[in-house]
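Annotated features in TrEMBL:
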DOMAIN    1-91  domain 'Cytochrome oxidase subunit II transmembrane region profile'
DOMAIN    92-225  domain 'Cytochrome oxidase subunit II copper A binding'
TRANSMEM  27-51  transmembrane segment
TRANSMEM  63-87  transmembrane segment
Amino acid sequence: NGNMKSPNLQDAASPLMEQLIFFHDHAMLVLILITTLVGFMLSSLLFNSLTNRILLEHQTIETIWTILPAIILIFIALPSLRLLYLLDEVNNPSVTLKAIGRQWYWSYEYSDFTQISFDSYMASSQDISESEFRLLEVDNRSILPMNTQIRALISAGDVIHSWTVPALGVKASTVPGRLNQIKFQINRPGLFYGQCSEVCGANHSFMPIVVESTSIKSFLNWISFNSDN
């Protein structure tokens, strides 16, 4: 189905998250190579009994161990900068979702459909079924269409929160008095869970986010039904 997998991260459900996983793997490979090289050099020093009582400096090796780390940092920095600009890119979004962080729940507004707005609270343990996740399920999910450019406008009503959905590669702070913008595209249907990842108060752990990805037809049916009601 084309979704990217990683042993350390949630399965990717958006092109941005796929790129984040690629960069994670790239950086980890570089780190493994550095660790291996440094470990080999340290072990060589420990087990080497050769000495040179007149050697005080060596310009060549000092030049190498100054330039080589700089080159390695460039190999990490260039993909990182590319990804940073990709995360900021906005391409003519088809749907806009406005998320407002509050203590301690989320308010959602569908800016393209002015009549649709609702609050999303964490579902209590008594209200969830055995197949649902405790502390992650909400009473009102945010419904979004798949294979569509989506823009999320995020802000806060009281303190700084953070709207974070790992599978979508989305994480941005919601700041009172400021409107932040993020974009993403969901490439498969499903439920994607997130949480406020900002220390915004006593119950900040308990304001989960659930994005339900559906077909465009199902999304439009949901919009029509909620507009009529």
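Glycine too: its Cβ is placed from the backbone N, Cα and C atoms.
Residues of the same chain lying 6 or more positions beyond the ends of the transmembrane segment (63-87) and with a Cβ under 8 Å from any Cβ of it are 16, 19-20, 23, 26-27, 30, 34, 169, 182. Taken together, the residues in the domain 'Cytochrome oxidase subunit II copper A binding' (92-225) have a mean pLDDT of 92 on the 0 to 100 scale. Remark: secondary structure over the domain 'Cytochrome oxidase subunit II copper A binding' (92-225) totals 16 helix, 62 strand, 56 coil, with classes taken from DSSP.
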